[in-house]
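Scroll down for the structure; my scribbles are underneath it.
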Amino acid sequence: MAGSRRLAHFFMASCLFLCYTASVNGGKRGNSDKCSYKQGTQTSSMDEGARKLGVTFRYDNCSVNWSPLGKHAIHEVNNISFSHLSCDSQAAVVVHWMASPLGIEHVKGFRVYLEDKNPERKQCQHLILKDPRQLNFSYKTIRMSSQPFSSLAFETDYMVRIVPFPTFLNDSFFPPSFLRTNSCEVLLGPDNLVCKPFWKPKMLNVSQLGSNLHVVFDHAPSTFGFSIYYLYYKLRQEGPFRLKRCKPEQNGPKTTCVLQDVTPGTYAIELRDDSNNTRRQTQYHVSQVHSPWAGPIRAMAITVPLVIMSAFATLFTVMCRKKQQENIYSHLDEESSESSSQTTALSADRPWPRPKIFICYSSRDGAKHLAVIQSFAFFLQDFCGCEVSLDLWEHLEICKEGQMSWLSRRIDEAHFIITVCSKGLKHFVEKRHRKGKATSKEKNREPSASDSSSSSRDLFIVASAIISEKLKEVHQKSSDLSRFMSVYFDYSHETDVPTSLSLAPKFKLMDQLPQLFARLHSRQLSLTDREPQPPNVSKRNYFCSKSGRSLYVAIYNMHQHVTQEPDWLEKELMPPPLPNKRTIPEKVDSGLVLNEVKLKHGSESECPPVRSNVLILPQTPQVGVSLSLSREDLGEGSSSQDAGSCRPVLHTDGSASPPEMPRDSGIYDSSVPSSELSIPLMDGLSPDHADNSSLADSVSSSSGLGDEEPPAVSSLHCTAHTICKADLHHQHLHPSEGLIAAAST
């Protein structure tokens with residue numbers, strides 16, 4: 001009984017073994033049928049020896065059973081060769097090699113790598129010795145083979161690396177081998193359709209019929225099995241293609257595909273098959289279809305309504321913009337008149353007290369900066385209710401008292417001292433400070449005639465030095481520096497504040513206008529009552545008044561000037577070009593020779609209200625006049641003006657230059673660009689200037705902004721007339737032909 005059971009178990013095991021062997025052999029036969037050798041593959045007689053010795057491998061996954069560490073050194077393999085196959089209409093390769101006798105007894109298996117230029121398509125085979133489990137020296141001539149590497153491209157280069165294991169050597173120690181797969185014709189045959197995927201039609205004709213395109217092409221051979229053709233078309237400047245599917249006509253060798261309602265233009269047309277392998281492309285220009293109604297009548301019917309509509313639209317736009325501008329400016333004018341009337345009423349009801357303000361500024365930053373200063377002073381006086389002291393408005397007072405006396409008195413009387421800091425002010429103040437010329441002796445002395453233009457233009461440097469000294473004194477005694485203020489406009493920077501004035505509070509205008517206004521009206525004055533504050537003082541509404549609007553335009557013009565000319569200060573510092581000197585030739589037959597003319601500056605007591613001096617010469621054809629000016633007698637002051645001197649302008653034709661007439665300018669005309677706007681008449685000066693500063697008022701009120709240059713106010717720096725003496729060295733001059741000096745008062 002027990003024997004029969006053992007016999008049954010033996011038969012069952014035998015059946016299972018036979019079934020497993022049959023299935024394995026069937027799988028191997030299937031792989032053999034799937035990947036077949038072609039002509040040109042490499043063979044070797046060593047395969048028979050390998051089968052006799054019974055060398056078989058167990059194939060495993062590379063990523064699972066990989067232990068790279070070993071204790072012995074195994075040398076690289078020898079005699080690497082390749083066999084080319086075809087698997088599923090693709091190229092395949094089998095790798096062959098021989099083990100090296102050095103370290104062959106330690107080999108447990110091999111790893112075979114195959115990769116192309118793309119590292120992501122790397123293939124690997126892990127071969128473990130199955131029978132025998134260990135090699136010896138007699139296996140050195142046995143050729144070993146890998147499984148086929150399939151899914152390879154035709155005529156492509158690959159790299160193969162064979163690494164025996166286990167070993168302590170890295171994979172890079174074993175040198176690679178290179179191979180190139182065979183072509184499709186060699187592996188599959190020249191008649192195989194896989195080797196000819198790029199069939200192109202011999203004919204691709206395009207014609208236009210109305211607004212349709214007719215595309216005609218021939219069919220591919222029936223062996224390709226194309227069931228449908230794809231026609232892609234698009235305008236050349238468009239992005240993606242549009243698709244038209246065309247079924248081949250069974251009755252003929254050609255097929256016509258119609259593209260309906262195409263717009264005029266140049267089209268790119270491409271024919272493809274259903275596998276997207278067959279392509280042929282062409283271009284065709286679709287012309288405009290002319291209808292019977294096309295022509296001049298159609299053009300006029302389209303153009304005339306468009307022109308009429310455009311004209312109405314333009315007229316409507318212009319009228320709307322004009323109306324909008326009128327509303328804006330009328331609103332501004334109403335607010336301006338209300339503000340002016342309110343300020344006038346406040347001044348009439350409570351004319352005193354008004355904070356006295358002294359403004360120190362740089363007179364060397366150009367005419368546009370001077371326009372900003374005058375507008376700012378007028379704004380403080382008109383809108384902010386302050387009494388402003390500005391040298392441009394008090395030329396007569398300066399002539400009477402002298403520059404230093406007037407400067408000291410105005411600084412002492414002022415409740416607030418405002419320094420308008422700019423790029424030029426910092427440059428000249430710190431330049432004078434570095435040179436050490438701003439000494440107390442130079443500050444306290446009266447300017448002489450030889451200082452003329454430089455001392456007059458550098459008055460702000462002396463004023464800055466005095467303000468700096470007073471600021472230091474107040475800072476040492478107490479911390480209340482509210483009397484001193486350093487302001488700068490948006491075309492300047494905080495770094496433009498000189499170091500000597502850094503202790504004073506700083507304000508950026510017009511961003512910090514409310515803080516400045518509060519500072520001007522918050523100081524507790526020694527007077528009984530104070531003037532009410534104008535409401536709603538801010539950066540957004542200060543230009544509602546005339547003075548604020550003038551200040552806004554002046555700041556805008558200066559800001560535009562700084563933006564367009566970043567090196568504007570360097571241009572202002574450049575010396576003016578020398579005028580061309582023209583000498584009057586001396587006539588030999590003249591009876592009168594005027595050798596020299598000396599200009600004598602009178603004292604303050606000898607200063608009648610003289611406006612100009614005129615030198616009149618008789619115009620006789622027989623008498624010639626030679627005029628020579630002594631540069632040593634005139635000195636540097638003869639070419640400029642001073643607080644106590646004036647100079648007549650004598651032209652080469654012998655006539656005196658008339659005084660430059662002040663120019664008046666408009667206020668915010670809606671038809672004038674913003675860059676050409678000007679300051680309005682500054683008629684809101686304080687009452688103390690009405691009786692003795694009428695001339696200064698006219699000068700300040702006629703100062704233009706924008707692109708206009710202000711009038712030369714330096715011509716008013718005069719309180720003393722000039723006495724001209726002529727030495728006559730000829731005795732035959734008739735009394736009626738003498739020199740006539742006329743002084744106009």
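Every residue gets a Cβ built from N, Cα and C, even glycine.
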From the list Asn65, Asn205, pick out the residue that Swiss-Prot labels N-linked glycosylation site.
Asn205
Have a look at Asn170, Asn692 and find the one that Swiss-Prot tags as N-linked glycosylation site.
Asn170
Could you tally the C-beta atoms, other than its own, that fall within 10 angstroms of the C-beta of Asn136 (N-linked glycosylation site)?
11
State the count of C-beta atoms found within 10 angstroms of the C-beta of Asn205 (N-linked glycosylation site), not counting that atom itself.
13
In this predicted model, the topological domain 'Extracellular' (27-298) has a mean pLDDT of 79
On a C-alpha basis, identify the one among Asn61, Asn136, Asn170, Asn205 that is nearest to Asn79 (N-linked glycosylation site); the candidates are the glycosylation sites.
Asn136
Out of Asn136, Asn170, Asn205, point to the one nearest Asn61 (N-linked glycosylation site) in space (Cα versus Cα); all of them are glycosylation sites in the record.
Asn170
Cβ atoms other than its own within 10 Å of the Cβ of Asn79 (N-linked glycosylation site), all chains, total 13
